[in-house]
């Protein structure tokens, strides 16, 4: 049985049967520790190694002086020394094998985004429908019943049993049984027909400001429609409440449904959250297991190691992207009027930026738990709050706007929403692609600078 050991500690090397002294990817000498010491007349193996290094350095300096002109293929050799594709592929293959040998991590990486897309795509909605309400009709006139019948037939309201009195109203609002209470005063119908201005009370649960504000608009709209219908019945004339009216037209998402607006944002969030968290475990796991020592003693460069760690997770992210887009087109029935090529290329750059950011976190921290928590917190805050997913980017100011622009989620959100909702193509979206490519280079550069090739 032959055991190969990679080490840079001479006391470990002295215990081996045969050793190979290497420097910068070049073999300086081979043999037993005793033979190498005897050849250089050195008192220790470390002193022999130093002698071999000095000899190799002298030979390199002599050969450099003999070269008057660089060879024609020097740029290619320089590129090969800077980045070796075989070494990158070796790290990539090793990381891929680790992913395939961990079925739990693989299932989480592929099925997690699908489950979250279904849960968030159907669970997150800004549509205010079936607003639970009850009425306290103190008039019991034909006019009051017409108004309440119009509310009960609307899809925006969900009628509950009538309110007995104000104490019952207060109790049911506190328990959350109803969100809206409509109070029609006595003599409402008589005052209305007499040309006076009776007031209808609308009590709204303001604990949810969005639903309360939308519910108030619904009630006001129902009242205007009721008055117009009543005037048409009594006088055959529809009154003009305002000297001018505004007719809104929705340019995109004409149905004005959250079902078509939320999934593109969820796609943006999942493509940064899951790949970044998985990649963040890459380098820090090597530190905890001690296998990072292989990098310390190997001739590979830091950028080659990081690219090898990154590429498998880029592949996983793109598989998730394809499955999520298929889910949006089939289950959510969202059309894609824009350019799929623009979306695909944007997703690739976005996945590379997300995984590169995971590498930044992974090289900075020292434990897997810290890597997971740091990645989740740092990613979620700008992704949810400052990317345009929940709030329009135009409403962000100051530090919030800078935070959004300093993270790649904002730019892929514009690509995703532009392709799915607005029908945009490369001609409009290409600045976002360029910025995402810049984030890839920036994050990889930071990760390379933070990764050390020797123990501190």
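Note: Cβ is positioned from N, Cα and C throughout, glycine not excepted.
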Looking at the ranges 289-310, 311-332, which is given as transmembrane segment in TrEMBL?
311-332
Of the ranges 369-391, 392-414, which one does TrEMBL flag as transmembrane segment?
369-391
Transmembrane segment per TrEMBL: which of the ranges 213-237, 338-362 is that?
338-362
From 106-126, 127-147, 148-168, which range did TrEMBL mark with transmembrane segment?
106-126
